[in-house]
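Novice: As annotated in Swiss-Prot:
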DOMAIN    3-167  domain 'EngA-type G 1'
BINDING   9-16, 56-60, 119-122  GTP 1 binding site
DOMAIN    180-353  domain 'EngA-type G 2'
BINDING   186-193, 233-237, 298-301  GTP 2 binding site
DOMAIN    353-438  domain 'KH-like'
Amino acid sequence: MKPVIALVGRPNVGKSTLFNRLTKSRDAIVADFAGLTRDRHYGNGKLGKHEYIVIDTGGFEPDASSGIYREMAKQTQQAVAEADVVIFVVDARAGLSAQDHDIANYLRRLGKPCLLVGNKAEGMREGVQLAEFYELGLGEVLPVSAAHGQGVRSMLESALDTLQLPEPEDEPEDGEDKPIRLAVAGRPNVGKSTLINTWLGEERLVAFDMPGTTRDAISVPFERNGQQFELIDTAGLRRKGKVFEAIEKFSVVKTLQAIESANVVLLLLDATQGVTDQDAHIAGYILESGRAVVLAVNKWDAVDDYGRQMLERSIETRLSFLKFASLHFISAKKRQGLGPLWTSIAQAHKAATCKMPTPVLTRLLLEAVQFQAPKRSGMFRPKMRYAHQGGMNPPVIVIHGNSLEHVTDAYKRFLEGRFRKEFDLVGTPLRIEMKTSRNPFAEDSDA
């Protein structure tokens with residue numbers, strides 16, 4: 001088991017910057033706004049042979065009583081409960097605060113291994129300027145600069161040393177049991193976090209009744225029927241033209257990255273709002289990224305029969321380019337219709353990673369041509385010879401022959417239908433590439 005390290009501290013002391021150092025990523029949003037990270041955010045890191053998990057948390061105020069700050073405090077308490085060691089981050093430049101005392105008192109009561117870290121300590125005389133933090137009663141203050149990387153390795157070594165870890169065994173090579181990365185995507189406030197929380201049985205993501213509450217792409221380990229998943233809530237997308245704060249712009253980028261890194265994307269729509277332009281744009285990006293996709297309409301219980309008919313018609317017309325995807329009608333809050341989603345998710349992943357033998361593809365191609373040959377274009381009639389698989393996730397079929405640049409889009413769709421039916425490719429895009437054989441005499445004739 002990888003040891004778990006939780007980063008705890010009041011808002012804006014640099015926990016997310018330190019998280020990025022420890023995970024060598026920019027997975028956590030970093031900006032100069034207090035209260036930016038509001039959920040537990042998991043990342044992987046490695047020091048020598050030792051791998052570890054880091055949890056980044058929202059700014060912790062143990063006695064927070066108002067709205068979303070109370071939710072952030074609860075998330076942080078759960079992160080501390082999950083951790084093997086806690087790194088309590090304070091702001092060396094701002095000095096000791098009453099909040100720091102409150103957090104220290106809370107951590108001391110838990111009796112869990114804890115390191116006190118003074119961040120933003122670059123250029124400081126640690127003996128003098130960090131002395132006040134000894135009042136917290138947590139022992140030595142480790143000076144670091146997360147922004148510049150100073151002292152971070154020494155701090156990490158100290159954290160891992162407290163756990164007295166055995167030497168790790170060599171891990172087996174990657175196999176087919178790797179987790180399926182599932183991105184839950186959609187506009188703000190369509191119920192993405194509510195759906196994941198329902199699946200997990202705990203309030204893992206802050207699900208607050210206001211658009212844009214989840215501002216980061218949060219990854220959560222999860223198991224279903226023996227299959228490992230990584231669930232990603234993708235920080236509800238908004239139209240780029242309406243994004244004003246730097247924080248929201250960064251979240252849009254993280255959402256697009258999460259979609260691209262996923263194996264399967266669950267696109268969540270809001271039954272009470274219909275299919276919006278932004279829904280169509282997100283769907284288009286998923287298709288462009290080549291991700292397997294499942295469509296789910298949330299809040300289905302909140303619309304009447306007429307509204308449902310109009311919504312189904314809207315999906316057929318506005319999202320016609322995703323007609324290969326399974327469609328589900330659910331209520332995340334009432335736990336209605338959630339079971340069949342997993343069947344479609346597994347089916348979409350299986351289709352996206354399907355292996356298609358060259359002899360079978362070639363047979364299907366030649367049978368299709370015999371049934372309906374491609375149309376002649378002027379002097380040229382496309383001649384198709386054989387096909388092979390060119391990639392997975394999404395599946396790519398490469399067709400070889402002559403004059404294939406003249407094959408129409410309509411004929412490509414005809415071929416796509418034949419291939420989809422044979423291999424049961426439900427829930428995944430299918431790309432067909434035409435590769436025209438070069439005429440060896442063409443260049444000589446130009447000489």
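FYI, residue positions are counted from 1 along the chain as it appears here.
Cβ coordinates come from backbone N, Cα and C, glycine included.
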Novice: If you measure from the Cα of K192 (GTP 2 binding site), which of the binding-site residues G9, N12, K15, T57, A121 is the nearest?
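Specialist: If we rank G9, N12, K15, T57, A121 by Cα distance to K192 (GTP 2 binding site), first place goes to T57.
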Novice: Report, in whole Å, the straight Cα-to-Cα distance of W300 (GTP 2 binding site) from N12 (GTP 1 binding site).
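Specialist: Cα-Cα, rounded: 40 Å.
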Novice: To the nearest whole angstrom, state the Cα distance for the pair T57 (GTP 1 binding site) and G186 (GTP 2 binding site).
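Specialist: Given the Cα positions, T57 (GTP 1 binding site) is 24 Å from G186 (GTP 2 binding site).
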Novice: What does DSSP say about N189 (GTP 2 binding site): helix, strand or coil?
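Specialist: Coil, per DSSP.
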Novice: Based on Cα distances to G186 (GTP 2 binding site), point out the closest of the binding-site residues G9, K15, A121.
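Specialist: Checked the binding-site residues G9, K15, A121; minimum Cα distance to G186 (GTP 2 binding site) goes to K15.
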Novice: Ten-angstrom check, please: count other Cβ atoms within 10 Å of the Cβ of N12 (GTP 1 binding site), all chains counted.
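Specialist: Its Cβ has 17 other Cβ atoms within 10 Å.
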Novice: Which entry in the list of binding-site residues, T57, N189, has its Cβ near the fewest other Cβ atoms, using 10 Å as the limit?
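Specialist: If we count Cβ atoms within 10 Å for the binding-site residues T57, N189, the smallest count is at N189.
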Novice: Count up the helix, strand and coil residues in the domain 'KH-like' (353-438) according to DSSP, in that order.
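Specialist: Going through the domain 'KH-like' (353-438) residue by residue, I get 32 helix, 24 strand, 30 coil.
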Novice: State the mean pLDDT for the domain 'EngA-type G 1' (3-167).
Specialist: 80
Novice: Sort out the sequence-distant neighbours of A121 (GTP 1 binding site) for me: same chain, 6+ apart, CB within less than 8 Å of its CB, listed by position.
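Specialist: Spatial neighbours, sequence-distant, of A121 (GTP 1 binding site): A92, R93, Q129, L130, P143, V144, S145, Q150, G151.
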Novice: For G9 (GTP 1 binding site), just count the other CB atoms lying within 10 A of its CB, please.
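Specialist: For G9 (GTP 1 binding site), the 10 Å Cβ neighbour count is 25.
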